[in-house]
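Asks: Dumping the structure here so I can ask a few things about it.
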Amino acid sequence: QFLGSTEVEQPKGTEVVRDAVRKLKFARHIKKSEGQKTPKVELQISIYGVKILDPKTKEVQHNCQLHRISFCADDKTDKRIFTFICKDSESNKHLCYVFDSEKCAEEITLTIGQAFDLAYRKFLESGGKDVETRKQIAGLQKRIQELETENAELKNKVQDLENQLRITQVHAPPAGSVTPKSPSTDIFDMVPFSPISPQSTTPTRNGTQPPPVPSRSTEIKRDLFGAEPFDPFSCGAGDFPPDIQSKLDEMQEGFKMGLTLEGTVFCLDPLDSRC
(Lines of atoms letter the chains of each structure in order from A and count residues from 1; the text may use other names and numbers.)
(Lines give C-alpha, C1' and ligand atoms only; values in the text may rest on other atoms or scores of the structure.)
Protein backbone atom coordinates (compact mmCIF):
# COMPACT_ATOMS: atom_id res chain seq x y z
CA GLN A 1 0.00 0.00 0.00
CA PHE A 2 1.19 3.49 -0.91
CA LEU A 3 0.73 5.89 1.98
CA GLY A 4 1.90 8.79 -0.16
CA SER A 5 4.80 11.24 -0.35
CA THR A 6 5.66 14.36 1.61
CA GLU A 7 8.34 17.01 1.36
CA VAL A 8 11.30 16.79 3.75
CA GLU A 9 13.99 19.32 4.56
CA GLN A 10 17.00 16.97 4.42
CA PRO A 11 17.98 14.44 1.71
CA LYS A 12 18.73 11.74 4.30
CA GLY A 13 18.51 10.86 7.97
CA THR A 14 16.60 8.49 10.22
CA GLU A 15 14.79 11.23 12.11
CA VAL A 16 13.78 12.86 8.82
CA VAL A 17 12.23 9.58 7.68
CA ARG A 18 10.45 8.99 11.03
CA ASP A 19 8.80 12.42 10.92
CA ALA A 20 7.58 11.76 7.38
CA VAL A 21 6.18 8.33 8.38
CA ARG A 22 4.28 9.78 11.39
CA LYS A 23 2.83 12.54 9.20
CA LEU A 24 1.62 10.17 6.48
CA LYS A 25 0.25 7.61 8.98
CA PHE A 26 -1.85 10.34 10.58
CA ALA A 27 -3.15 11.38 7.15
CA ARG A 28 -4.04 7.72 6.42
CA HIS A 29 -6.10 7.44 9.62
CA ILE A 30 -8.06 10.54 8.66
CA LYS A 31 -8.76 9.13 5.18
CA LYS A 32 -9.87 5.80 6.66
CA SER A 33 -12.31 7.59 8.97
CA GLU A 34 -13.74 9.31 5.91
CA GLY A 35 -14.18 5.96 4.15
CA GLN A 36 -11.23 6.26 1.75
CA LYS A 37 -9.04 3.22 1.15
CA THR A 38 -5.26 3.26 0.92
CA PRO A 39 -4.33 2.61 -2.74
CA LYS A 40 -2.31 -0.43 -3.67
CA VAL A 41 0.65 -0.11 -6.03
CA GLU A 42 3.24 -2.24 -7.79
CA LEU A 43 6.98 -1.54 -7.64
CA GLN A 44 9.52 -2.13 -10.38
CA ILE A 45 13.10 -1.88 -9.12
CA SER A 46 16.05 -1.80 -11.55
CA ILE A 47 19.46 -0.22 -11.98
CA TYR A 48 17.68 2.75 -13.58
CA GLY A 49 15.32 3.52 -10.69
CA VAL A 50 12.09 2.69 -8.91
CA LYS A 51 8.79 2.88 -10.77
CA ILE A 52 5.47 3.07 -8.93
CA LEU A 53 2.71 1.56 -11.11
CA ASP A 54 -1.00 0.95 -10.90
CA PRO A 55 -1.39 -2.85 -10.40
CA LYS A 56 -4.35 -3.10 -12.79
CA THR A 57 -3.61 -0.69 -15.63
CA LYS A 58 0.22 -0.81 -15.25
CA GLU A 59 0.25 2.96 -15.61
CA VAL A 60 3.37 4.63 -14.19
CA GLN A 61 2.37 6.96 -11.37
CA HIS A 62 5.88 7.95 -10.27
CA ASN A 63 9.27 7.32 -11.85
CA CYS A 64 12.09 7.84 -9.36
CA GLN A 65 15.46 7.69 -11.08
CA LEU A 66 18.10 5.84 -9.11
CA HIS A 67 20.68 8.63 -9.16
CA ARG A 68 18.09 10.95 -7.54
CA ILE A 69 17.39 8.57 -4.62
CA SER A 70 19.50 9.77 -1.68
CA PHE A 71 18.25 7.57 1.20
CA CYS A 72 16.41 4.28 1.65
CA ALA A 73 15.44 2.53 4.89
CA ASP A 74 12.80 0.38 6.60
CA ASP A 75 11.27 1.15 9.96
CA LYS A 76 12.78 -1.05 12.72
CA THR A 77 9.86 -0.38 15.02
CA ASP A 78 7.26 -1.24 12.38
CA LYS A 79 8.35 -4.08 10.08
CA ARG A 80 5.60 -3.19 7.59
CA ILE A 81 6.97 0.28 6.69
CA PHE A 82 9.80 1.13 4.26
CA THR A 83 10.74 4.48 2.77
CA PHE A 84 13.12 6.23 0.41
CA ILE A 85 13.92 9.88 -0.27
CA CYS A 86 14.12 11.10 -3.89
CA LYS A 87 14.80 14.54 -5.34
CA ASP A 88 12.01 15.70 -7.63
CA SER A 89 13.21 16.47 -11.16
CA GLU A 90 10.86 19.45 -11.67
CA SER A 91 10.70 21.23 -8.31
CA ASN A 92 14.13 20.04 -7.05
CA LYS A 93 12.51 19.34 -3.69
CA HIS A 94 13.28 16.25 -1.59
CA LEU A 95 10.25 13.98 -1.27
CA CYS A 96 9.93 11.01 1.10
CA TYR A 97 7.87 8.09 -0.29
CA VAL A 98 6.31 5.81 2.33
CA PHE A 99 4.95 2.28 1.72
CA ASP A 100 3.18 -0.31 3.89
CA SER A 101 3.97 -3.95 3.09
CA GLU A 102 2.85 -6.88 5.21
CA LYS A 103 5.84 -9.20 4.79
CA CYS A 104 8.52 -7.85 2.44
CA ALA A 105 9.37 -4.33 3.67
CA GLU A 106 12.92 -5.30 4.58
CA GLU A 107 13.36 -7.28 1.36
CA ILE A 108 12.30 -4.30 -0.73
CA THR A 109 14.81 -2.10 1.07
CA LEU A 110 17.58 -4.65 0.38
CA THR A 111 16.51 -4.88 -3.28
CA ILE A 112 16.87 -1.11 -3.73
CA GLY A 113 20.33 -1.38 -2.09
CA GLN A 114 21.28 -4.14 -4.58
CA ALA A 115 20.14 -1.92 -7.45
CA PHE A 116 22.55 0.76 -6.21
CA ASP A 117 25.41 -1.78 -6.14
CA LEU A 118 24.69 -3.02 -9.69
CA ALA A 119 24.37 0.51 -11.00
CA TYR A 120 27.70 1.45 -9.43
CA ARG A 121 29.43 -1.60 -10.98
CA LYS A 122 28.02 -0.78 -14.37
CA PHE A 123 29.21 2.79 -13.92
CA LEU A 124 32.75 1.55 -13.28
CA GLU A 125 32.69 -0.82 -16.26
CA SER A 126 31.47 1.81 -18.70
CA GLY A 127 33.74 4.54 -17.34
CA GLY A 128 30.80 6.75 -16.49
CA LYS A 129 29.54 6.91 -20.06
CA ASP A 130 26.30 5.08 -19.32
CA VAL A 131 25.25 7.55 -16.63
CA GLU A 132 26.07 10.52 -18.83
CA THR A 133 24.08 8.99 -21.68
CA ARG A 134 21.04 8.54 -19.44
CA LYS A 135 21.34 12.14 -18.28
CA GLN A 136 21.49 13.35 -21.89
CA ILE A 137 18.47 11.24 -22.82
CA ALA A 138 16.52 12.59 -19.85
CA GLY A 139 17.46 16.15 -20.82
CA LEU A 140 16.40 15.57 -24.41
CA GLN A 141 13.08 14.10 -23.34
CA LYS A 142 12.39 17.13 -21.17
CA ARG A 143 13.32 19.46 -24.04
CA ILE A 144 11.01 17.55 -26.39
CA GLN A 145 8.14 17.98 -23.94
CA GLU A 146 8.83 21.72 -23.68
CA LEU A 147 8.91 22.06 -27.49
CA GLU A 148 5.65 20.15 -27.84
CA THR A 149 3.99 22.51 -25.33
CA GLU A 150 5.38 25.54 -27.17
CA ASN A 151 4.22 24.12 -30.50
CA ALA A 152 0.68 23.67 -29.16
CA GLU A 153 0.62 27.28 -27.95
CA LEU A 154 1.82 28.55 -31.36
CA LYS A 155 -0.88 26.51 -33.12
CA ASN A 156 -3.52 28.12 -30.93
CA LYS A 157 -2.16 31.60 -31.73
CA VAL A 158 -2.17 30.86 -35.48
CA GLN A 159 -5.76 29.62 -35.24
CA ASP A 160 -6.79 32.82 -33.44
CA LEU A 161 -5.12 34.97 -36.12
CA GLU A 162 -6.88 33.03 -38.89
CA ASN A 163 -10.24 33.55 -37.18
CA GLN A 164 -9.58 37.30 -36.85
CA LEU A 165 -8.59 37.47 -40.54
CA ARG A 166 -11.83 35.74 -41.58
CA ILE A 167 -13.88 38.22 -39.52
CA THR A 168 -12.02 41.15 -41.11
CA GLN A 169 -12.63 39.82 -44.63
CA VAL A 170 -16.35 39.41 -43.93
CA HIS A 171 -16.74 43.04 -42.83
CA ALA A 172 -14.50 44.46 -45.59
CA PRO A 173 -16.18 45.68 -48.88
CA PRO A 174 -15.82 43.35 -51.87
CA ALA A 175 -12.99 43.91 -54.30
CA GLY A 176 -13.85 46.15 -57.26
CA SER A 177 -16.67 47.97 -55.51
CA VAL A 178 -16.53 51.76 -55.76
CA THR A 179 -17.57 53.76 -52.74
CA PRO A 180 -19.65 56.76 -53.81
CA LYS A 181 -17.88 60.00 -53.03
CA SER A 182 -19.65 63.22 -52.20
CA PRO A 183 -18.98 65.99 -54.74
CA SER A 184 -16.31 68.48 -53.78
CA THR A 185 -17.31 72.08 -53.19
CA ASP A 186 -15.63 75.39 -54.00
CA ILE A 187 -14.61 78.14 -51.59
CA PHE A 188 -18.26 79.29 -51.37
CA ASP A 189 -19.36 75.78 -50.30
CA MET A 190 -21.10 75.33 -53.66
CA VAL A 191 -21.11 72.23 -55.80
CA PRO A 192 -19.39 73.04 -59.12
CA PHE A 193 -21.41 72.67 -62.33
CA SER A 194 -20.73 69.54 -64.38
CA PRO A 195 -22.37 69.24 -67.81
CA ILE A 196 -21.93 65.42 -67.73
CA SER A 197 -23.37 64.57 -64.34
CA PRO A 198 -27.16 64.79 -64.03
CA GLN A 199 -28.64 67.63 -62.08
CA SER A 200 -29.18 66.53 -58.49
CA THR A 201 -32.17 67.63 -56.50
CA THR A 202 -30.20 67.39 -53.22
CA PRO A 203 -29.65 70.80 -51.64
CA THR A 204 -26.10 72.01 -51.21
CA ARG A 205 -24.33 72.36 -47.90
CA ASN A 206 -25.38 76.01 -47.48
CA GLY A 207 -29.02 74.93 -47.59
CA THR A 208 -29.97 76.55 -50.93
CA GLN A 209 -31.46 74.64 -53.83
CA PRO A 210 -29.51 75.02 -57.09
CA PRO A 211 -31.48 76.82 -59.87
CA PRO A 212 -33.10 74.54 -62.42
CA VAL A 213 -31.46 74.22 -65.80
CA PRO A 214 -33.68 75.81 -68.48
CA SER A 215 -34.94 73.23 -70.92
CA ARG A 216 -34.58 73.85 -74.61
CA SER A 217 -37.88 74.45 -76.28
CA THR A 218 -38.65 73.10 -79.71
CA GLU A 219 -40.76 76.16 -80.55
CA ILE A 220 -39.30 78.81 -82.99
CA LYS A 221 -38.41 82.00 -81.08
CA ARG A 222 -38.49 85.49 -82.63
CA ASP A 223 -36.50 88.67 -81.89
CA LEU A 224 -37.80 92.05 -80.74
CA PHE A 225 -38.98 92.96 -84.28
CA GLY A 226 -40.86 89.71 -84.75
CA ALA A 227 -38.27 88.28 -87.19
CA GLU A 228 -37.02 84.74 -86.95
CA PRO A 229 -33.29 84.44 -86.18
CA PHE A 230 -31.01 83.35 -88.99
CA ASP A 231 -29.80 79.76 -88.78
CA PRO A 232 -27.43 78.79 -91.61
CA PHE A 233 -27.78 75.07 -90.78
CA SER A 234 -31.52 74.87 -90.82
CA CYS A 235 -32.47 77.24 -93.67
CA GLY A 236 -33.07 75.85 -97.14
CA ALA A 237 -32.99 77.26 -100.68
CA GLY A 238 -36.60 78.42 -100.47
CA ASP A 239 -35.95 80.55 -97.37
CA PHE A 240 -34.16 83.36 -99.30
CA PRO A 241 -35.95 86.12 -101.32
CA PRO A 242 -36.19 85.56 -105.12
CA ASP A 243 -33.53 88.20 -106.01
CA ILE A 244 -30.97 86.75 -103.59
CA GLN A 245 -31.74 83.26 -104.78
CA SER A 246 -31.13 84.26 -108.39
CA LYS A 247 -27.78 85.83 -107.48
CA LEU A 248 -26.72 82.67 -105.72
CA ASP A 249 -27.68 80.60 -108.76
CA GLU A 250 -25.61 82.90 -111.01
CA MET A 251 -22.62 82.62 -108.71
CA GLN A 252 -22.86 78.84 -108.70
CA GLU A 253 -23.03 78.76 -112.54
CA GLY A 254 -20.11 81.18 -112.74
CA PHE A 255 -17.96 79.07 -110.47
CA LYS A 256 -18.60 76.08 -112.73
CA MET A 257 -17.43 78.13 -115.76
CA GLY A 258 -14.24 79.32 -114.05
CA LEU A 259 -15.36 82.68 -112.74
CA THR A 260 -13.62 84.29 -109.78
CA LEU A 261 -15.10 86.75 -107.34
CA GLU A 262 -13.40 90.15 -107.08
CA GLY A 263 -15.39 92.55 -105.00
CA THR A 264 -18.94 92.40 -106.43
CA VAL A 265 -18.00 91.94 -110.11
CA PHE A 266 -17.88 88.59 -111.86
CA CYS A 267 -14.98 88.16 -114.23
CA LEU A 268 -14.01 85.32 -116.48
CA ASP A 269 -10.35 84.31 -116.05
CA PRO A 270 -8.68 81.28 -117.54
CA LEU A 271 -8.29 78.51 -114.96
CA ASP A 272 -4.77 77.73 -113.87
CA SER A 273 -4.12 74.20 -114.92
CA ARG A 274 -1.54 73.89 -112.13
CA CYS A 275 -4.16 74.24 -109.45
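Cβ atoms are placed via backbone N, Cα and C, with glycine included.
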Asks: Coiled coil per TrEMBL sits at which of 46-87, 88-129, 130-171?
Replies: 130-171
Asks: Mean pLDDT over the coiled coil (130-171): what is the value?
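Replies: Here the predicted model's pLDDT, averaged over the coiled coil (130-171), is 81.
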